[in-house]
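Record features, source TrEMBL:
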type     : residues : note
REGION   : 1-24     : region 'Disordered'
COMPBIAS : 8-21     : compositional bias 'Polar residues'
TRANSMEM : 72-92    : transmembrane segment
TRANSMEM : 117-139  : transmembrane segment
TRANSMEM : 151-172  : transmembrane segment
DOMAIN   : 213-285  : domain 'Sphingomyelin synthase-like'
TRANSMEM : 216-233  : transmembrane segment
TRANSMEM : 245-263  : transmembrane segment
TRANSMEM : 269-286  : transmembrane segment
Amino acid sequence: QPLLPPSTKGNAWTSSSTGNILSPPIEYYDEDDKTDGLAIHRGGVPNGVVKIDVPAPLREEPRFPKEKWKTVIAFAILCASFMTTTITLALIHERVPDRDISPLSDVFLDAVSEADWALDVSEILIMIATISTSFVLVFHKHRFIVMRRVFMILSLLYLMRSVTMFVTVLPVSSHNYYCSPKLNTTSTVVVLKRAWQLMIGFGLSINGKHTYCGDYIYSGHTVMLVMHYLIIAEYSPRKCFPVHWLSWCLSMTGIVMVLWSHGHYTVDVIIAYYVTTTLFWIYHTLANNASIKQSGPNNFLSRMWWFPLFLYFEKNVGGPVPRQYEWPLPWPRRFHGKHPNRNS
């Protein structure tokens, strides 16, 4: 029962109109008192519910802050990693065994005849995959978070690739692929010229810029194709499963074309697949679970050498990024009217 003020008219808990000793005086209730939308009428028995005004909760910080400057930093790291890879290739070109040395024995390459056109097909598929992935990133509501994740993962992959390329140089896997003549000497100017030529060609041979050999362990073509599928599967709408299957088929076809062209050894492709998928899944496992976003004696994932950098980019992200989409530009405004967010 609600607390009642003292009454000077006898027993305060006895109603003069009903005589109900369990009910407070009817005069205590206002006509406007309502509970669950029903007014308490005179002569009725009140249900004893007290209405308490609760202040509105304070507005919390967004769980998915944009932090655009972090995305810019991640892109700068990606550019530095890509530049490191091209400089490494410019250096190891001089260490590639001469063409009179036969390619290493390989199960797939020994069984399938070399097709020169297959490498061009693979790189065309890579360009299609890159464009389609860019659409998913741009139209995602939390695009800045997703972009810096992609930039960070690619940075790590290309940085590790530059190391594996440098420590072990394999013979050219193709009999027909053109390699620029070796100078048998290297200088800073020569290395920078070669690296610039590779960078303006985006590491592709279809435009005639990639004429240096030795970048085998591991396959950059496979990295890009596998990353395409992983991004599409993780950040595109779940109900767009035909797009997921098409993406998987595109990636598989591109990888098969790389092997068919003898552009890489089979071990290059296997290592690239393993490293790409493992790094992608470890990164997203850390990002989606707050309990392992901190160092600890039992969190062995925090012993990754890149964990401090990961923590800098992901510490303010409040959980798994939802699959929501929006028009990325402020105009035309009608695209923001009725359905600003598209949930999967």
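Note that Cβ sites are derived from N, Cα and C of the backbone, with glycine treated the same way.
Each of 72-92, 216-233, 245-263, 269-286 was scored by its Cβ pairs under 8 Å to the transmembrane segment (117-139), and the highest score goes to 245-263. When each of the listed stretches 72-92, 151-172, 216-233, 269-286 is scored by C-beta pairs under 8 angstroms to the transmembrane segment (245-263), 216-233 comes out highest. Same-chain residues lying 6+ beyond the ends of the transmembrane segment (151-172) with a Cβ under 8 Å from its Cβ atoms: 71, 74-75, 77-78, 80-82, 84-85, 87-89, 91-92, 95-97, 99, 101-104, 179, 213-218, 220, 223, 227, 265, 271, 275-276, 279-280, 283, 306, 309-310, 313. Counting residue by residue with DSSP, the domain 'Sphingomyelin synthase-like' (213-285) contains 56 helix, 0 strand, 17 coil. Taken as a whole, the domain 'Sphingomyelin synthase-like' (213-285) shows an average pLDDT of 94 in this prediction.
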